[in-house]
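Undergrad: Here's the feature list from Swiss-Prot:
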TOPO_DOM  1-21  topological domain 'Cytoplasmic'
TOPO_DOM  43-49  topological domain 'Extracellular'
TOPO_DOM  71-93  topological domain 'Cytoplasmic'
TOPO_DOM  115-125  topological domain 'Extracellular'
TOPO_DOM  147-164  topological domain 'Cytoplasmic'
TOPO_DOM  209-232  topological domain 'Cytoplasmic'
TOPO_DOM  254-259  topological domain 'Extracellular'
TOPO_DOM  281-296  topological domain 'Cytoplasmic'
TOPO_DOM  341-357  topological domain 'Cytoplasmic'
TRANSMEM  22-42  transmembrane segment
TRANSMEM  50-70  transmembrane segment
TRANSMEM  94-114  transmembrane segment
TRANSMEM  126-146  transmembrane segment
TRANSMEM  165-185  transmembrane segment
TRANSMEM  188-208  transmembrane segment
TRANSMEM  233-253  transmembrane segment
TRANSMEM  260-280  transmembrane segment
TRANSMEM  297-317  transmembrane segment
TRANSMEM  320-340  transmembrane segment
Amino acid sequence: MGNENVVHEGKGIGFFERYLTVWVAACIIVGVAIGQLLPAVPETLSRWEYAQVSIPVAILIWLMIYPMMLKIDFTSIVEATKKPKGIIVTCVTNWLIKPFTMYLIAAFFFKIVFQNLIPESLANDYLAGAVLLGAAPCTAMVFVWSHLTKGDPAYTLVQVAVNNIILLFAFTPIVAILLGITDVIVPYDTLFLSVVLFIVIPLVGGYLSRKYIVQSKGIEYFENVFLKKFDNVTIVGLLLTLIIIFTFQAEVILSNPLHVLLIAVPLTIQTFFIFFLAYGWSKAWKLPHNVASPAGMIGASNFFELAVAVAITLFGLNSGATLATVVGVLVEVPVMLTLVKISNRTRHWFPEVAREN
């Protein structure tokens, strides 16, 4: 029985997923090479930006999110709201724990461990950038991580929606308290544009597509034929996004390699810590894997568009705080893909079906 399960699981892994580590490494190399050897490419792409949101990246994120939105049965959203445990895990982890552990971990590394490598003023800037990341849980990419771990799409949507509502009110006071800054300005155009681009548009598109296909072709065709056409769309979109991100940041990586690595250390540790905290809590509460995995992923990943925009507004484009938020962008995808792999390999820790979420 055990061997059959292993064989079945191996067959279920697609070509892209099986060699995802190789593809990610290749995309990072390609992205940095393009940014360095063909500087006109990132320069041209950077013109297609509004409210700190890259339009090319937004299009690719649509490609990644759309397949998951197709799977949402909207009657299940109402059911998801009746099972609050997964939402409680997400909200408590994201808003009562994550910002403060980010501050402590980042301060420990920047001000103590790396004090001989980073000047004090720069350490304070890096700490500020880390806090901005820690106070902004993910809005868009969490749908990708949920999709890759077979998360419940309807429940993930509810988790993200609740976090976005809290974000509107909690981000500013948390950042102000941790950084001692009273004039924190939240770029609401970035916030609202991201919600519209990365949640509302894919959600409406998925709903209309699902409704049309089911009515015209039937639910069996939709689930067994139509959905399968999108099997590799998310992975391809993810890899192309990775190339664009590293194309944009090639100069930062090559001009500050040591500081990029130093900043990446506490950000990576924080990401793993928050994921395992929420994931372990979900296991203790006997939540199903398709709720536990997204709960861990939302807190582990960050709303980097918002963090970068606030860093630029408060500290300036060339500040250490902005560099720290940019490094957050660089490490997020490779680290989150590692967590996706861990989540998929520990699926057997969780009950198949939970009576109460």
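Placed from the backbone N, Cα and C atoms, the Cβ positions cover glycine too.
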Undergrad: Can you work out which residues elsewhere in the same chain, 6+ from the ends of the transmembrane segment (22-42), have a Cβ less than 8 Å from its Cβ atoms?
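TA: Long-range Cβ neighbours of the transmembrane segment (22-42): 16, 235, 239-240, 242-251, 253-254, 333-334, 337.
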Undergrad: When only pairs 6 or more apart in sequence are counted, do the transmembrane segment (260-280) and the transmembrane segment (320-340) reach 3 or more Cβ pairs under 8 Å?
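TA: Contact between the transmembrane segment (260-280) and the transmembrane segment (320-340): present.
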Undergrad: Please report, as numbers and ranges, the same-chain residues at least 6 past the borders of the transmembrane segment (50-70) whose CB is under 8 Å from any CB of it.
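TA: For the transmembrane segment (50-70), the list is 140-141, 143-144, 146-147, 153, 156, 187, 189-190, 193-194, 197-198, 201-203, 205-207, 209-210, 226-227, 230, 233-234, 236-238, 240-241, 244-245, 248, 305, 308-309, 312.
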Undergrad: Six or more residues beyond either end and a Cβ under 8 Å away: which residues meet both conditions relative to the topological domain 'Extracellular' (115-125)?
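TA: Same-chain contacts beyond the ends: 258-259, 262, 315, 319-321, 323-324.
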Undergrad: Which residues of the chain, 6 or more past the ends of the transmembrane segment (188-208), have a CB below 8 A from one of its CBs?
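TA: Same-chain contacts beyond the ends: 50-53, 58, 61-62, 65-66, 68-72, 74, 139-140, 143, 157, 160-161, 164, 167-168, 303, 305-306, 309.
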Undergrad: If you count Cβ pairs under 8 Å, which stretch among 126-146, 297-317, 320-340 touches the transmembrane segment (233-253) the most?
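TA: Answer, by Cβ pair count: 320-340.
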Undergrad: Six or more residues out from either end of the topological domain 'Cytoplasmic' (147-164), which same-chain residues have a Cβ under 8 Å from its Cβ atoms?
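TA: Contacts of the topological domain 'Cytoplasmic' (147-164) (Cβ under 8 Å, skipping residues fewer than 6 from its ends): 17, 64-65, 67-69, 71-74, 76-77, 79-81, 83, 86-87, 90-91, 94, 137-139, 195, 199, 203, 234, 288-291, 293-295, 297-298, 337, 340, 343-344, 357.
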